[in-house]
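Asker: Taken from Swiss-Prot, the feature region 'Disordered' covers 1-79, 100-163. Taken from Swiss-Prot, the feature compositional bias 'Polar residues' applies to 26-36, 100-114. Sequence annotations record features per position, and here Swiss-Prot assigns compositional bias 'Basic residues' to 54-63, 146-163. What Swiss-Prot lists as compositional bias 'Low complexity' is 115-131. Taken from Swiss-Prot, the feature coiled coil covers 134-163. The compositional bias 'Basic and acidic residues' annotation in Swiss-Prot covers 135-145.
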Amino acid sequence: MGDECSNPDLLAEPGSSPPWDHGNQRQEAANESNTRVPRVLKAHLGPETAQPTKRSKRNRWRRQSCQGPSPARSGQFLGSADLGLQRGVLKSAARTCLSEISNSTRASPESAQSTDPGRAARPRTRTLPTPHSFKIGEEAEEMKKKKERKRRKERKKERNFKK
C-alpha cells in the first residue's frame, strides 16, 4: 500500500502556508464560514471548522440587535447586499425581542376584565398575597369584630336603659 493521503496540499512541509492561503485573517474566516465541511471531516479537523448551529446564529443575532452591533461588525464596510441582509436580520431579531418582552409582561389570566369602557384600557392584575398582607387582613377582621361587639353592647345598654 502507498501513502494513505494522496492530496498534495496536505503533504506540504509543516510551517509553509498552503497554496490556498492568500488573504488576511478576516477574509479567511469569512471564507471558512461560507464553505461547508462534510460531517466526516469535522471530526478530524476539529471544532473550529464546524458550522455554527441555527440556534447559535439566532442567539448572536438577538444579542446584536438588542445590545447594538458587535465591535467586529462596526469597523467593517457594509455593501448594499450586506445592508439588505442585515436589515432582514435586525427585523427578525427585533420581532423576537418584542415577543419576549410581551410574553414576560402579559397580564395574568385571572385578571378581572371590567365591562366599564373607562376601565377597559387598563387591565387590573391581582397581587399575590404575602404573609404581611395576611396579617393586615386578619387585624382588619379583628378590628371589625371589636367594633361590632362594642355596638352590640351599646345597643343592649340602650335597650336596658329604656326599660
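Counting starts with 1 at the first residue shown.
A Cβ is built for glycine as well, from the same backbone N, Cα and C atoms used for every other residue.
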Asker: Quick check on the compositional bias 'Basic and acidic residues' (135-145): DSSP residue counts for helix, strand, coil, in that order please.
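Answerer: Per DSSP, the residues of the compositional bias 'Basic and acidic residues' (135-145) fall into 11 helix, 0 strand, 0 coil.
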Asker: Limited to the coiled coil (134-163), I'd like the whole-number average of pLDDT.
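Answerer: When the pLDDT values over the coiled coil (134-163) are averaged, the result is 87.
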Asker: Work out, from DSSP, the number of helix, strand and coil residues along the compositional bias 'Basic residues' (146-163).
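Answerer: In the compositional bias 'Basic residues' (146-163), the DSSP-based counts are 17 helix, 0 strand, 1 coil.
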